[in-house]
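J.: One structure follows; several queries about it will come next.
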Amino acid sequence: MSSTAGAFHQQHQPQQQSPRSPIVAAAVAAAAAIGAVSGGSAGGVVGWTNKRSPIHHLTTSQDVINQGKCLCGEYIRARLKRSGLLNRKILQRLRNSMEHCMAGSGGIGGGAVVREALPILNGMGEELERMHPRLYSNVSRQISNEPWGELTEPDTVGYLLHVVAKDLFKSGITWGKVISLFAIAGGLAVDCVRQDHADYLQQLIEGTADVIEEDLSGWLVERGGWLGLQDHVHPPQPEISVTGWVSITALTLAVIYIVSLFLRVIGSGYAEPERSTN
């Protein structure tokens, strides 16, 4: 976690010890629901089938952190656009926030990883927002101890997200929970802009990167990084080996031979009565 976020954490820990349980409980339930239908309507957002063989995608912890930071910035941009809050000034601020993470997005084709994972992440997050509009709006009011959910300091958003993430992932990590985390970050971004704190978006993106580093990086690396989300939504189609094709061909020929013998027997059976009549 960044030094400023760490200092804020130590300073405010007595006042904000834990998030309110309703949002976390609801987020877990929503994550389970979106995970159950990820192969259905949510997966249909992308509109393509994953034909990649189910191999482990080479990636590192730093890769998933940098790429996750980029994905968070892009998700926030899409969420603000859906809420009618995106303008040129905010868009430029987001671009500046993501400039370094795009440059260091990790490995060969790191930018391609972000481009491939983003449509799925954004589509499933939007589905969560549609299914649970109250959960993913006015987020700061649900998790902050301030009377009206005011975001009083820049590091507040990162801290709030950190606290929610600790409670969200303490019972295990799933792709549904990861999507729910991004949806909560998107809701906090909306709160930042509506409270005239668009300058807090940088801290929100950094806070998400801290959560990925502390809680998710190992889990993501084990699943091939963010491309593992593709494999979760669109399971790779197993390729048929040469031996498999030979077996299929042999079986097809055998079926054709058996059917031809059967037809020949039937034909000879009809021919015998005709001979007897003549």
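Glycine is treated like the rest: Cβ placed from N, Cα and C.
Annotation source TrEMBL lists region 'Disordered' at 1-22. Here TrEMBL flags 9-22 as compositional bias 'Low complexity'. According to TrEMBL, the feature domain 'Bcl-2 Bcl-2 homology region 1-3' maps to 121-226. Residues annotated as transmembrane segment in TrEMBL: 245-266.
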J.: Per DSSP, what is the residue count of the domain 'Bcl-2 Bcl-2 homology region 1-3' (121-226) in each of helix, strand and coil?
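T.: Taking each residue of the domain 'Bcl-2 Bcl-2 homology region 1-3' (121-226) in turn, the totals are 77 helix, 0 strand, 29 coil.
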J.: Restricting to the domain 'Bcl-2 Bcl-2 homology region 1-3' (121-226), report the mean pLDDT as a whole number.
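T.: Its mean pLDDT is 93.
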